[in-house]
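Novice: Not my notes, these are from TrEMBL:
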BINDING   ASN11, GLU386  Mg(2+) binding site
BINDING   LYS18, HIS210, LEU211, GLY212, ASN213, GLY214, ASP284, MET285, ARG286, GLY332, VAL333, GLY334, GLU335, ASN336  ATP binding site
BINDING   ARG93  substrate binding site
ACT_SITE  ASP150  active site, proton donor/acceptor
SITE      HIS182  site 'Transition state stabilizer'
SITE      ARG243  site 'Transition state stabilizer'
Amino acid sequence: MTSPHRVLVLNSGSSSVKYQLLDMRDGSRLAVGLVERIGEHGSRLVHTPADGERRERTAPMAGHEAALRAVAAELSADGLGLDSPGLAAIGHRVVHGGLRFTEPTVITDEVLAEVERLVPVAPLHNPANIVGIRTARALRPDLPQVAVFDTAFHTTMPEHAARYAIDVETADAHRIRRYGFHGTSHAYVSRETARLLGKDPSEVNVIVLHLGNGASASAVAGGRCVDTSMGLTPLEGLVMGTRSGDVDPAVTFHLRRVAGMSVDEIDELLNKRSGLVGLCGDNDMREIRRRIDEGDERARLAFDIYVHRLKKYIGAYCAVLGRVDAVTFTAGVGENAAPVREAAMEGLEILGLAVDAELNAVRSGEPRLISPAGSRVAVAVVPTDEELEIARQTYSLVNN
Ligand code: ADP
């Protein structure tokens with residue numbers, strides 16, 4: 001009998017669970033799926049096995065346990081159930097690991113308690129991750145389960161990049177500092193960029209631009225993160241689909257004092273009704289480009305604000321790194337939106353940055369260079385794969 005070689009990756013949100021089952025002998029997907037609207041009307045599971053038809057099931061799912069049981073049933077129907085001997089481990093995406101978790105970690109009661117202690121700094125994310133972990137442990141208490149933290153890759157940031165310039169005692173009392181997120185993606189993409197350049201990660205300095213619905217930039221020096229744009233929460237930094245990114249913190253006092261908004265209303269405004277959606281009503285870059293092509297001024301301005309912020313971070317991270325070998329675009333917008341890449345690089349020749357129009361226009365799922373041949377700094381597109389990275393980290397931990 002072959003030894004266990006499959007890893008189930010779970011990404012539990014407040015009302016959803018995304019999952020992938022991977023074969024770690026070659027990193028291939030055996031099944032991918034999603035449960036949506038957990039605990040709401042119209043819960044739905046969509047399951048796609050690698051060698052079969054997509055299956056969709058609508059059934060009431062009151063909570064994560066019902067959702068995970070439904071996932072387990074779908075996997076069993078493919079002969080890949082949670083009880084099958086080939087399953088080596090479950091890898092959980094956990095958003096916030098604070099300063100304690102710098103590496104993927106086998107989940108114990110003590111680890112879970114520590115993740116719970118971080119809820120005050122990640123109130124929107126960690127509770128859902130914890131529910132997912134508890135449920136999966138109840139279903140397979142004997143199986144190794146690993147937490148892979150979104151913050152872990154950023155724990156190498158030096159203190160001068162991680163600290164806000166606010167009163168040290170107040171900051172420390174409330175664990176206020178810059179943690180950064182999307183770390184699994186930044187780790188994977190910076191390493192794959194080195195591979196694309198034919199170098200070891202320790203030899204290259206990379207600026208990674210993870211532009212999805214959430215968006216963040218990171219400066220990675222020799223494989224270690226030295227700065228990133230998200231902070232205490234994922235709100236800081238770049239303009240995102242629905243988040244403002246950087247604003248003067250005084251905007252919040254002003255809204256409180258002058259507009260009479262509550263803290264929760266301001267939170268909702270900046271996280272859900274700002275960014276591209278707040279600026280022009282759309283957060284999908286495809287739709288924004290279509291509107292720009294039709295001459296829509298609001299869409300144009302939203303695009304220009306998005307790109308302006310991006311350029312500021314690219315410039316800043318060139319300064320932070322000193323020497324830059326590559327700037328890499330990834331995630332939904334970064335991988336697909338050639339106009340964003342073109343606009344972000346425009347006028348940055350002084351930093352050695354440029355895109356080749358023809359290479360930039362190529363549509364591909366493969367890592368690729370889009371800078372002109374012979375450029376001082378490579379510009380690359382590298383599709384991110386957070387699930388594969390979580391699975392790899394999980395598997396290597398339980399196999400040691
Ligand atoms: P997340 O994981 O943060 O939800 P993704 O990385 O999947 O997001 O990115 C989603 C975003 O990618 C969409 O909101 C859209 O703006 C953008 N996107 C996806 N496909 C395209 C495309 N073909 N052209 C331009 N933008 C795209």
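Note: Cβ is positioned from N, Cα and C throughout, glycine not excepted.
Keep in mind that TrEMBL annotations are predicted by a computer and have not been checked by a curator.
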Novice: Do you know which of the recorded positions ASN11, ASP150, HIS182, LEU211, GLU335 end up with C-beta under 6 Å from ligand 1?
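Specialist: Cβ < 6 Å from ligand 1: none of the recorded positions.
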Novice: Sequence gap of 6 or more, Cβ distance under 8 Å: name the residues on the same chain that satisfy this around ARG286 (ATP binding site), in order along the sequence.
Specialist: ALA337
Novice: Sort GLU335 (ATP binding site) into helix, strand or coil using the DSSP assignment.
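Specialist: Looking at the DSSP assignment, GLU335 (ATP binding site) belongs to a helix.
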Novice: Between C-alpha atoms, which of these binding-site residues comes nearest to HIS182 (site 'Transition state stabilizer'): LEU211, ASP284, GLU335?
Specialist: LEU211
Novice: How many whole Å apart are the CA atoms of ASN11 (Mg(2+) binding site) and LYS18 (ATP binding site)?
Specialist: 5
Novice: Return the residues near GLU386 (Mg(2+) binding site), defined as same-chain residues 6+ apart in sequence whose C-beta is under 8 angstroms from its C-beta, sorted by sequence, else 'none'.
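Specialist: Non-local contacts for GLU386 (Mg(2+) binding site): ARG93, THR184, SER185, TYR188.
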Novice: 10 Å Cβ neighbour count around HIS182 (site 'Transition state stabilizer')?
Specialist: 29
Novice: Among LYS18, HIS210, LEU211, GLY212, ASN213, GLY214, ASP284, MET285, ARG286, GLY332, VAL333, GLY334, GLU335, ASN336, which the record lists as binding ATP, how far apart in Å are the two most distant Cα atoms?
Specialist: 24
Novice: Taking 10 A as the limit, how many CB atoms besides its own sit near the CB of ASN213 (ATP binding site)?
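Specialist: The answer is 17 other Cβ atoms.
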Novice: Going by DSSP, is GLU386 (Mg(2+) binding site) part of a helix, a strand, or coil?
Specialist: helix
Novice: Would you please pick out, from the recorded positions LYS18, ARG243, the one with the fewest other Cβ atoms within 10 Å of its Cβ?
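Specialist: Selected from the recorded positions LYS18, ARG243 on minimum Cβ neighbours within 10 Å: LYS18.
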